[in-house]
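Visitor: Got a structure for you, questions after.
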């Protein structure tokens, strides 16, 4: 069965309560930055272990309410499924801090967090339609173990299973020392745009939606302000594939129109809105994908499916029985949330992944959708489905948050003119969907063997 994007859950159907999405965004970004400061403290302490004198023991440092991680350089690493699927004491303490803060501010909202979920044992997709916070306290745990700076806090918010607010904060993309400037923040609010910023860790207003809308540079029309407290029914439709903000005719199209902020300039996403997608896709694309945690070397297992798909995508054009796509590059950053953040920014063209969970992708998909990117089923459809035909009129389905397999394409806010080689003129969405099909064609055995109870797949 094929489920069109219009049939997927839409946050706009929420009518049981008033949802202040601006307040949700501002709380999520502030909380992500504060949690990220804890990660950076812990990383800095570990980086200097052996140089600094041991901390002086105190009764306060052993308190269960103490959220400081600067005096705990010992990682206390534990395997979950294998040595590539690990959890540290830092994951657990930061998750506890985040969940307690959410419960204090929004006691009526549901919570779903990585380590708490993992401890429960069940892998069934259990997300409901109620307002839900989905949290990954430390995405990129293996990176954190090695002090590789691509780690982040990921906080997403859903209504009717649709991600409507996202905050991804990478505290170590600004240096390890807690005295250094802040890291990098990606955030979005449905109907209000997506942003990349560098907030101060001491001034929470620098990650507020009002601050971002006022100071963000953008070559594209800026969003029309909307009432901050709105029913979810009045927010932009969650099933559209393009940006949901409307142009403000009073604002200049020049980035110089943005006033100067008291600090680094925030940026509106995508960063290069008029850069077209390659007409020869997948050739010319920069793709992000991870090796994943399933390392079983079975002939039809996920490890070999990925490896062969990578060879198809990277191989010289026409090689590998015509499947060679000669992409420009493949990036594996060790964090699905950051992969999606860079895809939403437009610096990564495609994100293809399997095996990730809703806490890995919720915030990133919220940012991607609001920036104008698309996401769809990570596995290729059967050859007889009309999804392969660009002229069928059938839009590509959006994946469930619990699908565990995703294929995403960066924002492309302008279409492509007719090509010199007879290519037809296409809209931005048609270009994005063309790129999707070019990836599907090269997936070994059609994709990855991930299936999950409780998820309705498109096919």
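A Cβ is built for glycine as well, from the same backbone N, Cα and C atoms used for every other residue.
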Visitor: Which residue of 360, 384, 389 does TrEMBL report at the same Mg(2+) site as 114, 136, 138, 139?
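Guide: Looking through 360, 384, 389, the residue TrEMBL assigns to the Mg(2+) site is 360.
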Visitor: Among 222-280, 281-339, where does TrEMBL put the label region 'Disordered'?
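Guide: Of 222-280, 281-339, TrEMBL gives region 'Disordered' for 222-280.
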Visitor: If you look at how TrEMBL annotates this chain, which of 53-75, 76-98, 145-167 comes out as region 'Disordered'?
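Guide: Here TrEMBL associates region 'Disordered' with the stretch 53-75.
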Visitor: Would you mind ranking the binding-site residues 114, 136, 139, 360 by how many other Cβ atoms sit within 10 Å of each Cβ and giving me the lowest?
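Guide: If we count Cβ atoms within 10 Å for the binding-site residues 114, 136, 139, 360, the smallest count is at 114.
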Visitor: At a 10 Å cut-off from the C-beta of residue 138 (Mg(2+) binding site), count the other C-beta atoms across all protein chains.
Guide: 27
Visitor: Taking DSSP three-state, what's residue 114 (Mg(2+) binding site) in: helix, strand or coil?
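Guide: Residue 114 (Mg(2+) binding site) sits in a helix per DSSP.
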Visitor: Could you tell me which three-state DSSP class residue 138 (Mg(2+) binding site) falls into?
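Guide: In the DSSP reduction, residue 138 (Mg(2+) binding site) maps to strand.
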Visitor: Can you give me the residues near the recorded Mg(2+) site, meaning same chain, not 114, 136, 138, 139, 360 themselves, Cβ no more than 8 Å from the center of the site's Cβ atoms?
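Guide: The surrounding set, listed in chain order, is 91, 135, 137, 140, 141, 152, 154, 335, 337, 359.
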